[in-house]
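Feature list (source: Swiss-Prot):
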- Lys271, Asp276, Asp294, Glu355: Mn(2+) 2 binding site (BINDING)
- Asp276, Asp353, Glu355: Mn(2+) 1 binding site (BINDING)
- Lys283: active site (ACT_SITE)
- Arg357: active site (ACT_SITE)
Amino acid sequence: MKIVVTKSAVKKLEADILAFPFCSGELKKQDAGVLSDFDISAHALKDFKAESGEIVLFYSSSEGHLIARVALLGLGDGKDPDDFRKAAASLAAKAMTMNLQRIAVDCSRFGTIAEDSKKRVGKLAETFVEGCFSGSYKFDRLKSGKLDKKKDDKKVKGISELILRFDASVFADAEEGAAQGEIVGSCQLMARDLVNLPGNYLQAEDIAKAAQDSGSRNGFAVKVLRKKEMEDLAMGGLLAVNQGSTHPPTFSILDYKPEGKAKAVVALVGKGVTFDSGGISLKPSEGMGEMKSDMSGAACVIAAVEAAARLGLSLRVIGLIPATDNMPDGSAQKPGDVITTYSGITVEVGNTDAEGRLILADALTYAKQEYNPDIIIDLATLTGACIVALGYSVAGLFSNNDKLAEEIYAAGISSGEKVWRMPLWDDYDELIKSEVADVNNTGGRGAGSVTAAKFLEKFIDGHKKWAHLDIAGPAFLSKSGGKVTGGTGFGVRLLIDLLKKWA
């Protein structure tokens, strides 16, 4: 999708549809001048409440404009930037259903809205563009018309151009914000594509290739450790999970370095289980197909590092992605096994379906010992218990640093990817004690997301600024889970928001 920011008069805009965004409070003051310009009755406003994402579509007979389709677009009260994202997503989705390729939006009111809500116009432009990317997303690359390159499916189209019209007084800020929104939006869509790929299309090697391709396109280094190197390093957690697989594991290291001095070194660790059957502790068959999404953390990390590079942030951002599938096999690890992780800590495998924490354990220790970063954040679709606690809209936040937790919470609000802090008290250590090893990888029925986080904490080697995000709920939504279905790319916007603040 091409993003065009312009100061041209509305009458000169050319597109398939022209949208006029309104806040709910504006309707009382509105003289219906917009509608009269298009020969549309002012009575049309009576049923338009300007709720976020609300659309009322008209067809103009005016000869003074080049666009016949006119839409009123609701922004809610205009105080929450996320309402702009939702509105834009709704507009893009509407355009997709109508097979429209060029969208124009008159954003002339954004200046007043920004002033009233004490927000930057650039921030509103950024979130609006992000929303358009989200609403235009459609995962159809495995349809026969897409797989067969010889077929020319002219019915399958997408939005090719988004034209945003701003007043000259805010143009520079809007242009910068829209450019950032394009980067964030496109990176999130890349993450969604990876999450939506089924297990027979995405193995550990494919995740490594996705990281390498991103590095090649955007100028950051990518190193991939193979199974032999993992064996030499004694990465017992990742290797144990991989025992039941016919596909070798990978450990991808993405390393973005800014041109000047880095203000900080940030390590992002993403769980990359390409398909999770549960292993010997087999999952129920119902819903197992969604376990292709168990590498959502890995996709998020690739997208965040790419965005950091494209934005030119003055941080060193290191992405670490342990990747494998988790399958039952005659050689698979078994409940009761004891493994030795990269850290030297021994683990009793209480349940082979608690595999994500085993591969993250090796990656977290590697991050601390090899790079000693200022901040470590890991993201993982780690526990169903977190879904029970927080549902599908919010991720669980665990951290050993109050300031870092506050920053992540604020970034969640700002980015529209909300998190809620969960306890990490030492009382929970008792639940993961083992009689035969240093620690057990499961803690029983209660507080499952907390005991998983307490397990991970043992592998950060004393690091003082670490956070764990359990994104099991919002990372993948089934058809009954909301308007967005499949992989959501949750965490990409949140991480980029954080990185931009630290840069």
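The backbone N, Cα and C atoms fix where each Cβ goes, glycine too.
The Cβ of Asp276 (Mn(2+) 2 binding site) lies under 8 Å from the Cβ of Lys283, Met291, Asp294, Asp325, Asn326, Asp353, Glu355, Gly356, each of which sits 6+ residues away along the same chain.
Sitting within 8 Å of the Cβ centre of Lys271, Asp276, Asp294, Glu355, and not among those site residues for Mn(2+) 2, are the Cβ atoms of Val241, Gly272, Val273, Met291, Met295, Asn326, Gly356, Ile359, Ala380, Thr381.
Listed in sequence order, Asp294, Met295, Ser296, Gly297, Ala298, Pro322, Gly356, Ile359, Leu360, Asp378, Leu379, Ala380, Thr381, Leu382 are the same-chain residues six or more apart from Lys271 (Mn(2+) 2 binding site) with CB atoms under 8 A from its CB. Taken residue by residue with DSSP, Arg357 (active site) is part of a helix. When Cβ atoms from all protein chains are considered, those within 10 Å of Lys283 (active site) total 15, not counting its own. Sparsest Cβ environment among the binding-site residues Asp294, Asp353, Glu355 (other Cβ atoms counted within 10 Å): Asp353.
Excluding the listed site residues Asp276, Asp353, Glu355, the same chain places Val241, Val273, Ser277, Gly278, Gly279, Ser281, Lys283, Asp294, Asn326, Thr352, Ala354, Gly356 with Cβ atoms within 8 Å of the centre of the Mn(2+) 1 site Cβ atoms. In sequence order, Ala380, Leu382, Asn441, Ala452, Phe455, Leu456 make up the list of same-chain residues 6 or more apart from Arg357 (active site) whose Cβ falls under 8 Å from its Cβ. Under the three-state DSSP scheme, Lys283 (active site) falls in the coil class.
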